[in-house]
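Notes follow the structure.
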Amino acid sequence: METGTSRVKRGMAEMQKGGVIMDVMNAEQAKVAEAAGASAVMALERVPSDIRAAGGVARMADPTVLEEVMKVVSIPVMAKARIGHIVEARVLEALGADYIDESEVLTPADEVFHIDKKDFTVPFVCGAKDIGEALRRINEGASMLRTKGEPGTGNIVEAVRHMRLIQSQIRKIQSLAKDELYAEAKNLGAPYDLVLYIHENGKLPVVNFAAGGVATPSDAALMMELGADGVFVGSGIFKSDSPEKFARAIVEATTHYKDYKLIAEVSKNLGAPMKGIEISKLHASERMQDRGW
């Protein structure tokens, strides 16, 4: 089978199903994540809460960070590129990143166009807060989706909103008559063939993970309960009081999300989680989820 085909890239993303993908800033953190059972790591210079606090322009991480992390772990390594920044994505592909996240956490390089992801061998991850965004990203070649949530806040409310909305929109598309799908595709700004796929299959054609605000084992389990295929944890782990224990607890809660006694057990004595931010306190310009279209 030819490498870089849509089928191969989606298959690679499918392999992450049920897993936890953790943000790491150095080789040491990457080793902690792998030992805790992470299915992959996201190598970056600053976690979303630090990016939010620092302000200014957030760009692709120094390639050294990615190289250091790739040397010490055997699990896949992801890295973030700015929305629309073709060259950052090409650089990450050249460095050997296993997946690229075209991420709203970084400052967008292009406010009109996303990257043409079909043109790359490496699979892409993209954020989506509704079904229209999800299908537009898939049409551009995304092999994996995640809720946008509101990164770096430690507040799960937006990730819950996005996951519930996407699930309800899937159910709506399924309920429509076939001849109504053209108008629905137009309303969503999405390709008809992808709307038809959802109508016939009752699901997205790629995996959809939860991200943006996952801060506790219960948060991770909640997102799985709502239909997520897995979980991204950004600031939540290494901003907590005991990262090793916290990372293991998140993995356990994600894997056994219906075992509430186990979740209670792994949640004990974890120390304080990261300090959260109330979404209503954010200015419109601080809302990362509204980047991209």
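Every residue gets a Cβ built from N, Cα and C, even glycine.
Features reported for this protein in Swiss-Prot:
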type: ACT_SITE; residues: Lys80; note: active site, schiff-base intermediate with D-ribose 5-phosphate
type: BINDING; residues: Asp23, Gly152, Gly213, Gly234, Ser235; note: D-ribose 5-phosphate binding site
type: BINDING; residues: Arg164; note: D-glyceraldehyde 3-phosphate binding site
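Here the features listed in Swiss-Prot are placed on the structure.
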residue: Asp23; record: D-ribose 5-phosphate binding site; Cβ neighbours (10 Å): 27
residue: Lys80; record: active site, schiff-base intermediate with D-ribose 5-phosphate; Cβ neighbours (10 Å): 28
residue: Arg164; record: D-glyceraldehyde 3-phosphate binding site; Cβ neighbours (10 Å): 13
residue: Gly213; record: D-ribose 5-phosphate binding site; Cβ neighbours (10 Å): 30
residue: Gly234; record: D-ribose 5-phosphate binding site; Cβ neighbours (10 Å): 29
residue: Ser235; record: D-ribose 5-phosphate binding site; Cβ neighbours (10 Å): 26
Separation of alpha carbons, Arg164 (D-glyceraldehyde 3-phosphate binding site) and the residue listed as 'active site, schiff-base intermediate with D-ribose 5-phosphate' (Å): 25
Inter-residue C-alpha distance, Asp23 (D-ribose 5-phosphate binding site) and Arg164 (D-glyceraldehyde 3-phosphate binding site) (nearest angstrom): 24
Assigned element (helix, strand, coil) containing Lys80 (active site, schiff-base intermediate with D-ribose 5-phosphate), judged by DSSP: strand
